[in-house]
Amino acid sequence: MVDYIVEYDYDAVHDDELTIRVGEIIRNVKKLQEEGWLEGELNGRRGMFPDNFVKEIKRETEPKDDNLPIKRERQGNVASLVQRISTYGLPAGGIQPHPQTKAIKKKTKKRQCKVLFDYSPQNEDELELIVGDVIDVIEEVEEGWWSGTLNNKLGLFPSNFVKELESTEDGETHNAQEESEVPLTGPTSPLPSPGNGSEPAPGSVAQPKKIRGIGFGDIFKEGSVKLRTRTSSSETEEKKTEKPLILQPLGSRTQNVEVTKPDVDGKIKAKEYCRTLFPYTGTNEDELTFREGEIIHLISKETGEAGWWKGELNGKEGVFPDNFAVQISELDKDFPKPKKPPPPAKGPAPKPDLSAAEKKAFPLKAEEKDEKSLLEQKPSKPAAPQVPPKKPTAPTKASNLLRSPGAVYPKRPEKPVPPPPPAAKINGEVSIISSKIDTEPVSKPKLDPEQLPVRPKSVDLDAFVARNSKETDDVNFDDIASSENLLHLTANRPKMPGRRLPGRFNGGHSPTQSPEKTLKLPKEDDSGNLKPLEFKKDASYSSKSSLSTPSSASKVNTAAFLTPLELKAKAEADDGKRNSVDELRAQIIELLCIVDALKKDHGKELEKLRKELEEEKAMRSNLEVEIAKLKKAVLLS
């Protein structure tokens, strides 16, 4: 079974999940069939937890740690004394095995890569690569970027510019182990570490070298560079694997170690950074105000109030809600790096790091196991999530109203027959009037007495034609209800007086004319052919009348251009106007009468009031006289 240390907080969503906090150690962890989830034991309870919230703890040398004190107790020989002398009085039990542990870790975990292409750093935390350089790989920071050491410098470099070498041979590992023993176990270079390692058999063989180093005092001869290199890489590796279990160094140290160790501690402290996910405006003086994407130096997570962290931003210290930010490492505080070369394409896509801070801002709905695929996408550890989730509820844009579908307008109906208005009531009666015209052509021309001398015999002809065509008109009267007749009614609407109809005098007729008109027009043409004869017979009379009364002749010509239908419409219109004028006059006269009556009534009321006022004055004067008499009588008595 493997143990894991928690790097990010996680709140359990289901009963079979564990609630974990940063720094806790989960025991007896095993992988599950479901990708992205592990199962382990914490505080006596076993459950599931996401694998990207924890980090594996290498426990390869732990079994030997328990045997270490037993060996030292049993030995009781010069070797234990040499260990005490080499550390100048420091307890050797807790310090001595670490160089061996580091050597063993190098043997099992050491990764190296060779530079294939030159690379110039674009940021301060990047390494400069030259073809042929060998880099000690520490960890994979994010997809396409690794962290490693080159020439005593720790930094980032693109993974697609290097090629990973195979693990070093055992001989090389042992040589590295022996080299590390000399500087690290000498009198001036003990280095404590959080983990406990064991002292294997080769360690006891290397002890005489320590004695020689103490005796001659020149243990750093030709090894100063190796000391710095080995110390930097090993300490950085320890920092990566056992970061939460940092212990304070015991005893005095050499100047060289004191210079390097604070640097490592500083790097560890510098990892306490967090990136803001959402903008926040402080409501109190001790709160920070920040925008999205800013980097806050995390000072403390323990502020005495749950859900609040203490940090520093732009030189100001204050508290801020932890669900508005996500913790990142120092190497990621400059993320994103747009100028870096694109990382090579890899199979599994990185998944967003669903930390507890993000979960508080927008809780995950992981009730369904299908949605746990969000956790299955592992982020590049310990980088911040590359795809930040949606922000908390923002004043929205909305939210989002449903767009109503476009109104479907009904099909435009055909234009109906206009209802007969009072002034245009004749339009609806054209068919009836037309039949009346045929039956009563004599009555309408008689309205104008000046028209009779012009056509003295046409009256009899029209009456004759009307009598002959009456039966035909009655038979075809039912055809008027057709659609053609409706259109015909609109086409033959009465025109203005003084305008001649094109169908009457030009010889043409509308194709939509009713059967009555088609029968009537030829007969009228026949009557028109007879009119010249009538004019010749009464030429003298017509000339005299035209000379004597030129105005009447113009009236006759105007009346000749009007059809009986138009004459009737004109007469009715004139009658309507006259009636309306008469009604208005009657109303005005009635109003005047009413006003006069009101004036009379008002005058009568005023007279009554005046009389009453005079009477009241007289009564008052009488009362005053009587009161005066009474006063005199009272005074005299």
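Just so it is clear, glycine is given a Cβ too, placed from its N, Cα and C backbone atoms.
Here is what Swiss-Prot records for this protein:
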{"type": "REGION", "residues": "1-175", "note": "region 'Interaction with ANLN and localization to the midbody'"}
{"type": "DOMAIN", "residues": "1-59", "note": "domain 'SH3 1'"}
{"type": "MOD_RES", "residues": "Ser80", "note": "phosphoserine"}
{"type": "MOD_RES", "residues": "Ser86", "note": "phosphoserine"}
{"type": "DOMAIN", "residues": "108-167", "note": "domain 'SH3 2'"}
{"type": "MOD_RES", "residues": "Ser224", "note": "phosphoserine"}
{"type": "DOMAIN", "residues": "269-330", "note": "domain 'SH3 3'"}
{"type": "COMPBIAS", "residues": "341-351", "note": "compositional bias 'Pro residues'"}
{"type": "MOD_RES", "residues": "Ser458", "note": "phosphoserine"}
{"type": "MOD_RES", "residues": "Ser469", "note": "phosphoserine"}
{"type": "MOD_RES", "residues": "Ser510", "note": "phosphoserine"}
{"type": "MOD_RES", "residues": "Ser514", "note": "phosphoserine"}
{"type": "COMPBIAS", "residues": "540-555", "note": "compositional bias 'Low complexity'"}
{"type": "MOD_RES", "residues": "Thr563", "note": "phosphothreonine"}
{"type": "COILED", "residues": "578-636", "note": "coiled coil"}
{"type": "MOD_RES", "residues": "Ser580", "note": "phosphoserine"}
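Taking each of the modified residues Thr563, Ser580 in turn and counting other Cβ atoms within 10 Å of its Cβ gives the largest count for Thr563. When the alpha carbons of Ser580 (phosphoserine) and Thr563 (phosphothreonine) are compared, the span between them is 26 angstrom.
Model confidence over the coiled coil (578-636) stands at 94, taken as the mean pLDDT rounded to a whole number.
Per DSSP, the secondary structure of the domain 'SH3 2' (108-167) breaks down as 5 helix, 32 strand, 23 coil.
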